[in-house]
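Enquirer: I'd like to ask you about the structure that follows.
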Amino acid sequence: MGKDKLHVNVVVIGHVDSGKSTTTGHLIYKCGGIDKRTIEKFEKEAQELGKSSFKYAWVLDKLKAERERGITIDIALWKFETPRYQVTVIDAPGHRDFIKNMITGTSQADCAILIIATGIGEFEAGISKDGQTREHALLAFTLGVRQLIVACNKMDTCKWSEDRFNEIVKETNGFIKKVGYNPKAVPFVPISGWHGDNMLEETTNMPWYKGWTKETKSGVSKGKTLLEAIDAIEPPTRPTDKPLRLPLQDVYKIGGIGTVPVGRVETGVIKAGMVVKFAPTNVTTEVKSVEMHHEQIPEGLPGDNVGFNVKNVSIKDIRRGNVCGDSKNDPPMEAASFNAQVIVLNHPGQIGAGYTPVLDCHTAHIACKFAELIEKIDRRTGKVMEAAPKFVKSGDAAIVKLVAQKPLCVETYADYPPLGRFAVRDMRQTVAVGVIKSVDKTEKGGKVTKAAEKAAKKK
């Protein structure tokens with residue numbers, strides 16, 4: 001794997017039977033991090049089970065099964081390379097918590113690949129009012145995934161028909177436009193994830209296909225295959241210039257070292273000697289050292305999963321869901337309340353003021369009350385449709401005032417995207433998603449450790 005290649009994260013979305021696993025499996029199998037030994041092992045098992053038509057989806061099923069059982073998988077298995085990028089598939093849906101993962105997800109996707117089955121009836125099912133295709137695309141857009149690639153899969157099942165492809169492009173264009181994407185900036189690639197047509201190499205089965213084009217602010221790019229479309233993703237900018245925000249995933253107590261919080265740097269930089277503040281617990285202390293993969297590093301940057309050692313802080317003072325920031329540069333604070341744009345995905349009844357589901361925002365998992373429904377809006381244009389509605393139901397978008405039932409630290413989506421989007425969970429499913437528009441922060445005194453005071457004097 002090329003160490004120096006730029007990393008991009010993609011999420012693969014689409015209807016249940018669109019062929020997501022086969023297509024993703026194919027890319028990982030052909031350009032990825034699965035070593036020959038593992039592949040041979042899988043092939044042997046497949047033959048023993050009479051699955052000798054060993055196809056790529058099986059690679060993914062194996063990986064998924066291991067992941068479901070909680071075996072941590074060598075993450076390289078979910079990676080593949082293009083000429084420019086090292087690509088990580090963040091999550092292939094079909095996973096129970098796909099929607100939740102996409103929102104609180106360990107990483108933000110830079111691009112979504114929407115897989116559409118072109119078979120007669122299949123396409124129509126996926127794109128119908130309640131189809132997952134629509135929900136996934138809406139979700140990706142709401143959560144700030146601004147780049148999209150559409151792969152029209154299973155072209156072999158419709159005899160590689162140009163008319164069918166054009167019909168699907170036309171329909172899909174209409175629907176992604178409604179969601180908010182600009183169809184001109186979206187490459188459409190006709191593929192067969194099973195046979196491999198237009199995946200890595202140009203197909204000979206569709207002589208009519210002249211290639212895809214996409215127009216963005218940075219110009220026009222063209223290509224033939226899905227791999228080329230992925231290679232044409234606009235390089236993401238990582239927010240190192242923003243103040244530090246690091247939501248804690250865990251806090252460990254390590255003998256001889258002390259308290260070690262662990263989490264992913266979302267914005268900014270963390271380094272030894274910094275005086276950091278944890279919100280909403282309001283503890284301020286000095287960072288003694290930062291490490292990644294059990295090695296000390298000079299600094300942790302956005303996207304890095306780091307552990308850092310803090311002085312004079314007990315494991316009781318800080319916990320998962322707390323947010324670490326620089327005490328001298330826009331430190332994080334507790335949110336007394338916050339206003340958010342919420343889109344209701346699937347709730348069986350009506351949601352009114354007083355509704356108190358659980359919110360998953362970054363690593364926090366806390367009950368929040370819908371204190372007030374401020375206005376109902378058109379989710380595409382943002383125009384107000386009704387002031388102070390009594391209720392909202394599935395499909396509606398509204399601006400809502402939320403109050404956490406326990407201390408919580410969140411930020412606006414505009415300032416700190418990963419801390420400004422959330423999933424609303426109830427009845428063991430994601431009933432809504434939200435993007436935070438404004439936060440009412442509370443100032444209150446907290447614990448300042450001796451180490452922090454000393455560090456402050458040194459300066």
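Start at 1 and count along the chain as shown; that gives each residue its number.
From the backbone N, Cα and C atoms, a Cβ is placed for every residue, glycine too.
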Enquirer: Between 91-94, 223-226, 331-334, which stretch does Swiss-Prot give the note region 'G3'?
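Expert: Region 'G3', as annotated by Swiss-Prot, spans 91-94.
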Enquirer: From the ranges 49-52, 85-88, 153-156, grab the one Swiss-Prot calls region 'G4'.
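Expert: Per Swiss-Prot, the stretch marked region 'G4' is 153-156.
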Enquirer: Can you identify, from 60-64, 70-74, 120-124, the stretch that Swiss-Prot calls region 'G2'?
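Expert: Matching range for region 'G2': 70-74.
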Enquirer: Reported as an integer number of Å, what is the Cα distance between Lys30 (N6-methyllysine) and Lys20 (GTP binding site)?
Expert: 15
Enquirer: Taking only the recorded positions Gly14, Lys20, Lys79, Met155, Lys316, which one has a CA atom nearest to the CA atom of Lys390 (N6-methyllysine)?
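Expert: Closest recorded candidate to Lys390 (N6-methyllysine) by Cα: Gly14.
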Enquirer: Look at the recorded positions Lys20, Lys30, Lys79, Lys390 and tell me which residue has the greatest number of other C-beta atoms within 10 angstroms of its C-beta.
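Expert: The most densely surrounded of these recorded positions is Lys20.
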Enquirer: At the level of the C-alpha atoms, what whole-angstrom distance separates Met155 (GTP binding site) and Lys79 (N6,N6,N6-trimethyllysine)?
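Expert: It is 25 Å, counting Cα to Cα.
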Enquirer: Using all protein chains in view, find how many other C-beta atoms are within 10 Å of the C-beta of Lys316 (N6-methyllysine).
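Expert: 10, counting other Cβ atoms within 10 Å of Lys316 (N6-methyllysine).
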Enquirer: Tell me, how many other CB atoms lie within 10 A of the CB of Gly14 (GTP binding site), whichever protein chain they belong to?
Expert: 26
Enquirer: Whole-number Å distance between the CA of Lys20 (GTP binding site) and the CA of Lys79 (N6,N6,N6-trimethyllysine)?
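Expert: On Cα coordinates alone, these residues lie 15 Å apart.
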